[in-house]
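> Encoded as structure tokens, here's the structure I'll be asking about.
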Amino acid sequence: QIRFHSCAVVGGIQATDTSHPRNSAIRHLTKNLLQKYHKEVRPVHNWSEATTVYLDLFVHAVLDVDAQNQKLKTSIWYREVWDDEFLYWNTSMFDDIREISLPLSAIWAPDIIINEFVDIERSPDLPYVYVNSSGTVRNTKPIQVVSACSLETYAFPFDIQNCSLTFNSILHTVEDIDLAFLRSREDIKHDKKAFLNDSEWELLSVPSTYNILQNSAGDFAQIQFNVVIRRRPLVYVVSLLIPSIFLMLVDLGSFYLPPNCRARIVFKTGVLVGYTVFRVNMSDEVPRSAASTPLIEIFFTVCMAFLVLSLSKSILLIKFLHDERCSGQERPLLCLRGDTDADGTRMDPKAQLAGNTESPICQEHQAQSGTLKEVWSQLRSISDYVQAQEQADQREIEWLALLYRFDRLLFRSYIIMLGLYTITLCSLWALWSSW
Ligand SMILES: *[C@@H]1O[C@H](CO)[C@@H](O)[C@H](O)[C@H]1NC(C)=O
Ligand SMILES: *[C@@H]1O[C@H](CO)[C@@H](O)[C@H](O)[C@H]1NC(C)=O
Ligand SMILES: *[C@@H]1O[C@H](CO)[C@@H](O)[C@H](O)[C@H]1NC(C)=O
Ligand SMILES: *[C@@H]1O[C@H](CO)[C@@H](O)[C@H](O)[C@H]1NC(C)=O
């Protein structure tokens, strides 16, 4: 065991021995570079010269689009490159080392931040940067940015979002730190190689601008990248739009039933329940924001309003028809009652006659004129009743005609609304696909 141990130790020493010269060169170089380095000094010989920081950005993934809180979460790969005039060496003096990595904490670094960030950026704390022999420092890091963005949900699910990421130095003015693009702006704009394709969002482009922000503290250089993304709508079309259109078509089909049919109410109620269940199910699929309501939400509400309107119309119609039927049943009864009354009155004098055999003739005359009067009044009351009934019937018929007209109007509005819905969706889709 001891022999094995000593062997291992010897082996270890030998291994360090073989790589000893290079190892010492790199240590020597690092020591050399950092010995007289002051990281608190901006690395320029001439202080009036600005340090130019070159920025580059790859959008890697869109992690979350939160319309309710107006936040966008993206994963980006960010690179900054600058020249450090104090970090350079003669490669032939250091074993041809062209690049070494140095701890970021040991050298000067620009204080560039993203203006829109609203949450702690989660980026792995990478401790090293690369420096080459002419003093160019490269710092690359992946960042998860949660940025504030004004998200428009109006055209959901055919929406395009435009969120900006603005980089600038938090403290240094443009006289000290200037910004520039590492690649050409066209390259940055159309670079989608790093983007993960199979998410809900599709990267359209990353246009960028350089400008100088002037405020009371001075002029600041800033670079703005606009991340333009568009939603893939297929899943929403299949799960949201098509079912809603089907429900509307079913509802439209109910106009095919005669308007005075009671089954229509049952049918409409069924559709209304179906619609409610559908909306409750879909409520978390539709993004909500206080600023803008999605157009399809408005459409759902309008559809519901139409459903309720036509349902109440059907109920009204059935009520009128029911009234009519009731009065239709009552009428013969009344007539019958009238007949029995008339019979009774007619029988009465006869009974009187039968009862009073010794009655005088004038009495009979009186009785006869009494019955005539009674008949007359009965006839009048009947004719009054019939007239009133006719008037009521007339009014009912007018009401019914009005309701039937309303039914037709509603049907036309349904058609118009469905047409508008379809046209709007198609134009939104056309706008979406024209990007
Ligand atoms: C680098 O060092 C070599 C050898 O020491 C020397 O010949 C050469 O001139 C130096 N180059 C520069 C740019 O100083
Ligand atoms: C160091 O990197 C910069 C930028 O990539 C390049 O322009 C320069 O030529 C490199 N220097 C050496 C000595 O390779
Ligand atoms: C994105 O928004 C910025 C302003 O924030 C605007 O300048 C730019 O034109 C917009 N880009 C697109 C493609 O809409
Ligand atoms: C995403 O798709 C584009 C073309 O649309 C392709 O160039 C790119 O390599 C794809 N990215 C990934 C990560 O697959």
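Including glycine, each Cβ sits where the backbone N, Cα and C put it.
As annotated in TrEMBL:
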- 28-233: domain 'Neurotransmitter-gated ion-channel ligand-binding' (DOMAIN)
- 234-257: transmembrane segment (TRANSMEM)
- 240-322: domain 'Neurotransmitter-gated ion-channel transmembrane' (DOMAIN)
- 298-321: transmembrane segment (TRANSMEM)
- 409-432: transmembrane segment (TRANSMEM)
> Counting only residues 6 or more past its boundaries, what in the same chain has a CB within less than 8 Å of a CB in the transmembrane segment (234-257)?
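Result: 156-157, 200, 263-264, 267-268, 271, 274-275, 278, 282, 285-286, 296, 299-300, 303, 306-307, 310, 407, 410-411, 414-415, 418, 421-422, 425.
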> So which residues does the transmembrane segment (298-321) touch in its own chain, when a touch means Cβ under 8 Å and the partner is 6 or more beyond its ends?
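For the transmembrane segment (298-321), the list is 244, 247-248, 251, 254, 259-260, 262, 264-265, 268-269, 271-272, 275-276, 279, 396, 399-400, 403, 406-407, 410, 413-414, 417, 421, 424.
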> Under 8 Å between C-beta atoms and at least six residues away from its ends: which parts of the chain pack against the transmembrane segment (409-432)?
155, 158-160, 230, 233, 241, 245, 248-249, 251-252, 255, 295, 299, 302-303, 306, 309-310, 313
